[in-house]
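J.: The following block contains the structure, expressed as structure tokens.
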Amino acid sequence: MPTTHYDIVILGGGSGGYACALRAAQLGQRVALVEKDKLGGTCLHRGCIPTKALLHSAEVADSARDSARFGVQTTLEGIDLAAVHTYKDGVVGRLYKGLQGLVKAAENITYVEGEGQLAGPTTVVVGEDELVGEHVVLATGSYARTLGIEIGDAVMTSDEALTLEQVPGRAIILGGGVIGVEFASVLRSFGSAVTIVEAMDRLVPAEDPGVSKALERAFRKRKITSRTGARMESVSQQDGVVTLSLEGGESLEADLLLVAVGRGPRTEGLGYEEAGVILERGFVQVDERLRTGVGNVRAVGDIVAGVQLAHRGFAHGIFVAEDIAGLEPEPVRDHLIPKVTYSDPEIASVGLSEEQAREQYGEGVASYEYNLGGNGKSQILGTAGFVKLIRSAEDGPVVGIHMVGARMGEQVGEAQLIVGWEALPEEVASFIHAHPTQNEALGEAHLALAGKPLHAHA
Ligand code: NAI
């Protein structure tokens, strides 16, 4: 078995793995990056990028359909899904090429194509090759959970839904989390009748309850049906029709069922446990420096319990590369990671929810909600929503920001700086926000919390 030695061997070329490889190479480490499928992983090929392209097509469809309200006459003739896929695949293809170019240009990275297995604390085996690393980084990502539901022509996860050939007349989305509401949004814009079935008592249960309420209201207006507190009992398929039976006896029929009930860590059958790595509910157990406790083996991205986001993967990868190089970086803190859900309307948040803030800071926690009704640009776009600020105490810093409304995802950058730098509302209020932008809503919310509201009632 040919053996090659490296400073770092990385198993998995998705967001976490390739970010680690690129940063480590910059820091002069010799890296092997092992990938069995395509460099870029879920985010680039089956997640963030292709789904956001679909959401953009959906937005264009809505603009065409609703243009009369802006005084522009158009008729939406239909959705050419083949052309949507060509556009989407073009975006993915260009980014893929760019990423391959980056990795190729990094002299210290050896890209190894093939399925790797952890064969010990320093060793990854790929076919006949043995890659030995001073450090090993596990970055094998996640897969769509199916709850044992059989995937077929009319029952899909987001993987299959990305290449849908026809817009279904009726679609049921099982799971009202991030993937569920994004796909519900796309399919509705493309013309499907959509029902979301969510086991918890609200859509996007990981967000602030007020955000869920606003999303549910907006979806109702878009004629998307939300069945919350609804538990699935069974699924059956016949002649292209899917029947979803709910606990309590009711059943729903559709032409497509999208299963979006969460993503599981890809940690089985890869030699992890055999090498001594401890798994908990499938996730790799790590300390705050992402060390597994087995030799110099670390883990990054979706296989580490916490928010499963590509930018967390990037941050983990960069952190590990820098830590290995002795730069002593600050560990990645999950609650400071911004989250965006790209449905229409969009959801963006960072920091603590009001409930979490109360748990941490007690009853002195204060909050303020600025309604987008008072924001000029939001009115021009015709969107409803709000910016909600949470501060730790009457005179404390802002510890959470929650936003909902068309395009509000773009506002998460400033929100993140405010929460990350523990800014006081008075400090943010002293900065002038450009008029008329949606960003102004963030400024106005801070003005109000600083006791000097402008376009809001005191
Ligand atoms: P999720 O955890 O966000 O949502 C799954 C939902 O399914 C939950 O609300 C859960 O209560 C519900 N559920 C579970 N079992 C159910 C059942 N039997 N019946 C009805 N409802 C059930 O997971 P999701 O949406 O699959 O996304 C997976 C991951 O991918 C998430 O962690 C998410 O953060 C990430 N992602 C991020 C995106 C973004 O940042 N824009 C886009 C898409 C995914």
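Note: Cβ is positioned from N, Cα and C throughout, glycine not excepted.
Quick paste from TrEMBL:
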{"type": "ACT_SITE", "residues": "His435", "note": "active site, proton acceptor"}
{"type": "BINDING", "residues": "Lys52, Gly116, Thr140, Gly141, Ser142, Asp302", "note": "FAD binding site"}
{"type": "BINDING", "residues": "Gly175, Gly176, Gly177, Val178, Ile179, Gly180, Val181, Glu182, Glu198, Gly262", "note": "NAD(+) binding site"}
{"type": "DISULFID", "residues": "Cys43-Cys48", "note": "disulfide bond"}
{"type": "DOMAIN", "residues": "6-317", "note": "domain 'FAD/NAD(P)-binding'"}
{"type": "DOMAIN", "residues": "337-445", "note": "domain 'Pyridine nucleotide-disulphide oxidoreductase dimerisation'"}
J.: Measuring Cα to Cα, tell me the gap between Thr140 (FAD binding site) and His435 (active site, proton acceptor) in whole angstrom.
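T.: Thr140 (FAD binding site) to His435 (active site, proton acceptor), Cα-Cα distance: 45 Å.
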J.: Rounded to the nearest Å, what's the C-alpha distance separating Cys48 (disulfide bond) and Gly175 (NAD(+) binding site)? Just drop the number here, would you?
T.: 18
J.: Considering only the binding-site residues Lys52, Gly116, Gly177, Glu198, which possess a Cβ situated under 6 angstroms from at least one atom of ligand 1?
T.: Gly177, Glu198
J.: For each of Cys43, Cys48, Ile179, Val181, count the other CB atoms within 10 A of its CB; which of these recorded positions has the top count?
T.: Val181
J.: A 10 Å Cβ contact count, applied to the binding-site residues Thr140, Ser142: which residue has the minimum?
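T.: Result for the binding-site residues Thr140, Ser142: minimum number of other Cβ atoms within 10 Å at Ser142.
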J.: Enumerate same-chain residues with a sequence separation of six or more from Glu198 (NAD(+) binding site) and a Cβ-Cβ distance below 8 A; give 'none' if the list is empty.
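T.: In sequence order, Gly175, Gly176, Gly177, Gly180, Pro205, Ser226, Arg227, Thr228, Gly229, Ala230 meet the Cβ cut-off.
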J.: Spatially, and counting Cα to Cα, which of the recorded positions is closest to Ser142 (FAD binding site)? Options: Cys43, Ile179, Val181, His435.
T.: Cys43
J.: Can you tell me the CA-to-CA distance separating Val181 (NAD(+) binding site) and Lys52 (FAD binding site), as a whole number of Å?
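T.: Cα-Cα distance, Val181 (NAD(+) binding site) to Lys52 (FAD binding site): 13 Å.
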J.: Given that the record lists Gly175, Gly176, Gly177, Val178, Ile179, Gly180, Val181, Glu182, Glu198, Gly262 as binding NAD(+), what is the largest C-alpha to C-alpha distance among them, in Å?
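T.: Output for NAD(+) binders Gly175, Gly176, Gly177, Val178, Ile179, Gly180, Val181, Glu182, Glu198, Gly262: max Cα distance 14 Å.
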J.: Grab the FAD binding residues from the record (Lys52, Gly116, Thr140, Gly141, Ser142, Asp302) and give me their largest CA-CA distance in Å.
T.: 30
J.: Going by Cα-Cα distance, pick out whichever of the recorded positions Cys43, Ile179, His435 is nearest to Gly141 (FAD binding site).
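T.: Among Cys43, Ile179, His435, Cys43.
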J.: Taking the Cβ of Lys52 (FAD binding site) as the centre, count every other Cβ atom within 10 Å, in any protein chain shown.
T.: 15
J.: What three-state secondary structure does DSSP assign to Glu198 (NAD(+) binding site)?
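T.: Once the DSSP labels are grouped into three classes, Glu198 (NAD(+) binding site) ends up as strand.
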J.: Would you find the one among the binding-site residues Gly116, Gly175, Gly177 whose Cβ has the most company, meaning other Cβ atoms within 10 Å?
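T.: Per the Cβ count within 10 Å, the most buried is Gly116.
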